[in-house]
């Protein structure tokens, strides 16, 4: 079986993932809606996952994919807890604008 | 045998001290007095046996108990040395000590703290014995500081009066200034000769080449400063008059007869050192002469009976130092002994007077006591004659020898010394006339109670008066027992017998005439004209300066005490707070930094994240470029 | 039996005290401290008969850290001081009823444990751990059981804690640097590390900061007076009697052998610093209004002299310093105890509110007088032996040093006697003053007995410490 | 240009575009939908890389579970009308600058780091079939796998606890 990367090239995946990751970072910085921030985080996670899979193919080794499984598990847990926190914040403060969550102020 | 005898000699007063401290209150006043006196008397008896022994064997006794302190250069043993000098000293310390203890039984009988008084006195005798029989400088130093301590305790015996406490403190601190000099002297000698033992020091110093002359001179000077402190010489003499705050027996024992002569003892002990450094000897002679004159002038105008005697003591000590300065150690020792007799007698006499007047010490309020207190009067008269140097009493011989020595070495100092002794005659008889002659000037009630003191007081007086009378025989010119006795101690052979010629007789004549002139002046002024020293506020002119002791205390206060206190306040209020503020300043700076940093933590998540991203960029860049280049 | 037994006794004892409950805690603590003292005596006899009492075991393999306890004469002398003082300190505190006594006494024993460890440890890191460990109990003792306004007390105590901690951090840095050089924290390896004189200078300085704050030397002493004043008397005793000696001991044990070149080069400077402390402390003490503060400044003056003795780098200097350390330890505990005894009756520490105690309490007066005399180094007291030796060593360096150091004889007498006069003498005080109780008296008598016994016969201690100090001198004078 | 490359380019374009739109669109619902598309395109990438099982799991977990959860949350909060208030210009500018900076740094590093891309080896063995993955997962990664389950359990409990109505209210 031919390696698919022969035709695409690992560099392209790297560029794609970097840009995807940066978009995620941009989203976190740009938006103040906590849910969108969450989505941006998911984007970043996915960028990394994609890179894992790409390298897994590159090395012809399944370990990278295993890692992605775990990453997904963690992401799922994180979203569940994170959204629960968001809901309770919303219930308490009636907003999910991160700009208004200033209780950390020292 | 010797060891145990020495221990008996030493520990007997100490046991007396312990007894009086722990059991004194329960035992009652009589037993306290008996135990206190007896313990000193035992020491005296032991000393007598040693004395008899040494006059026959002429061998010094040394005993080393155990090693005490050791340094790299020398070891100090807990050891004792009994030679002619120390036994002689012991004789009059324990002898006069016993008499004064006896006297105190009656004198202090009304004081509720009699047991502690006797405890302190015993402790004093213990330390004095240690001082005298110590075999090295450091052992001597134990006694040296110990007697200073007892002096402190006894001056401040009536501790409820803070002025007395001040006087006690002053005495202790001034002594300590001298003690520092003493210590430094010990350090220099110890490192130079690797021993501070008297016997080995003597050999080492006598065989030393003159290369270290300067250091030896410094060492000698330092020791002399120590002696100055203890023996109340200029500039450290001001504590002694204040020390009269203590009970009168204390003044007699400590501040006239024994402790204050410790400086003379030390210099005599170290004569081998002082003989090597003539420059220091000159200083000693000059200081001695000046002290004797200054103290005598102050004594002229004092009205407190004990103050007069105190300044007289300072003056006499000055004369002794004058003799020491000329290397005439046995002359100084001779005067120490005679002085101990008549000055103790005078003090005890004044104590008897004060006792009779219920604590009155001002001579302006005395007078006419001759009839009421005949024994006191006669004994004091004898002692006064002795101190004035009237032939043939003890003082005449010793003082004359000092002046003669001075005359042979330095005319100027002889003149000073002679003037001082003429003044002595004057102020002593001023004291006598004011106290015992004319009419009584006190209150009616005092007059009513005037009486002769009990026999426990008068017996010591009589004994001392007799001694003052005949004390001179131990060293008559030309045939001196004392000089022969002490001869083994002094290396110098220069003390050849003065050929007894016309000069000497002339000098004796001059001295006697001088003494009589002083007495005559006093007679004219205080008996014939019946002058009474004016009240404090009426004193003017030179008299005022003298009456106020040349304002030395005030000057010392302004130059030393006040600046130190001001400095202390300054340190406490300014420097301490500044230092503290500096440390707190460091803390505050951290705090400032924190509140500056706090402004970046305003709780904006976006800002945090931006910084976080920026940090990651920076980190990546840094890592990347560091690994590549 | 080796030295760990002692540490175990104290460590387990601290817990035993805590669990014995408030009522029994003082007695249990006293018993354990006595056991520790007995243990030290055993160790001493074993040491004298030449048996091995050290303990050596690997703790962390990388970086190489050893549990290394080693006791020579010097260490044993310090242990004797510690374990002899602790029972006295505990016993003397029986007159006070402390709240939560079990924790209080447990902390005392724990602190003793830490201090003992500090004296024993010869591995730099272990030593550092114990060094810092000893700070924690005293912090709580001073903070919780101290006196005066709580806010002010907190300020003083926290300042003390942070100050000493900050100083010690420099020492840690020095140790880490030394580890880089020698690949070991053991003192034996550290002295063999070939350090240039510049390196030695910086290491010397780092150690100096830690020790100068702990001892404390001028101008790092600002924490001292306040903490001594605010801490409960037991805490003050622990601080001034033992903890301060930790700093001085460390100078001899660690600082001088590791950086001898720097010590030699800047000898005059550091001696000078000590002597300035002597004079400064004495002068400040003159006008203190608070009894405990006055004693604190007198302590500053005395340790200045001890430090000056250490920095002379002569056998006499070190020997005198150690003797004086022990003597000062006892006398200062005694003096603070007297202050406490007065406080128990008059509820004040202000000198001007005292006075006239003598006629009501002759026993206390006599004992106080003896302590004052020991403090001003009257010959025949232990302090004199130490002070004499130190001053002699100073005179070997320069006679002016001896003269300056000697001012303590004069100024010391001045402020101590002045204090004594205003505290005890004068007109009988109107307030009732009960004479000392049995346990107060016994504590004082024990202290005085020690001071006078060794003052007349210091040879046992001299012989104990001399060989180890000679070794240290050899280390200092080694040629790198 | 092979068909696979074209496919890759198209997929990549979709991925980036939808990701960007997710962030850019004002309406959270729109964002969510764009994100779902984004996830699907990533699943496409997985398929392209021949990781079928992963692709399926990805679609189930992300597009299915996570996105549904998000949508529910958005609807629960009724956020669709609640647009972002205008962010301060400086924040937006900062975000853009940082975005560009991050891209430049990362891409710059990747370009400059001269990656050693050798021959694309092909072992020929089917390393990513479900069978192989299962074996690795349940042999080598047994313990982490179990931990992952515990993690999920804990997350579930946490989520329930957090969103439960608190009895004590201020």
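Quick reminder: no glycine exception, Cβ is built from N, Cα and C everywhere.
Per TrEMBL, the stretch carrying the note transmembrane segment among C:397-417, C:460-480 is C:397-417.
Within the same chain, residues 215-218, 221, 224-225, 228-229, 240, 244, 248, 251-252, 256, 260, 263-264, 267, 270-271, 273-282, 284-285, 288, 321, 324-325, 328, 332, 335-336, 339, 351, 375, 386-387, 389-391, 393-394, 396-397, 401, 405, 408, 411-412, 415-416, 419, 466, 469-470, 473, 476 sit at least 6 positions outside the transmembrane segment (C:294-315) and bring their C-beta atoms closer than 8 Å to a C-beta of that stretch.
Proximity of the transmembrane segment (C:6-21) to the transmembrane segment (C:200-220) is not established, fewer than 3 Cβ-Cβ distances being under 8 Å for residue pairs spaced 6 or more apart. The largest share of C-beta pairs under 8 angstroms with the transmembrane segment (C:397-417) comes from C:266-287, of the ranges C:103-122, C:266-287, C:364-385. Ranked by the number of CB pairs under 8 Å to the transmembrane segment (C:67-91), the listed stretches C:28-47, C:128-148, C:160-180 are led by C:28-47.
The stretch from C:103-122, C:160-180, C:200-220, C:266-287 that makes the most Cβ contacts under 8 Å with the transmembrane segment (C:232-254) is C:200-220.
Through the fold, the transmembrane segment (C:160-180) approaches residues 63, 124-125, 128, 131-132, 135, 139, 142, 190, 193, 199, 202-203, 205-207, 209-214, 220, 222-223, 226-227, 258 of its own chain, all at least 6 residues removed from its boundaries and within a Cβ separation under 8 Å.
Non-local neighbours of the transmembrane segment (C:200-220) in the same chain are 163-164, 166-168, 170-171, 173-174, 177-178, 243-244, 246-248, 250-251, 254-255, 258-263, 265-266, 270, 273-274, 276-277, 280-281, 300, 303-304, 307; each lies 6+ residues outside the stretch with a CB under 8 Å from one of its CB atoms.
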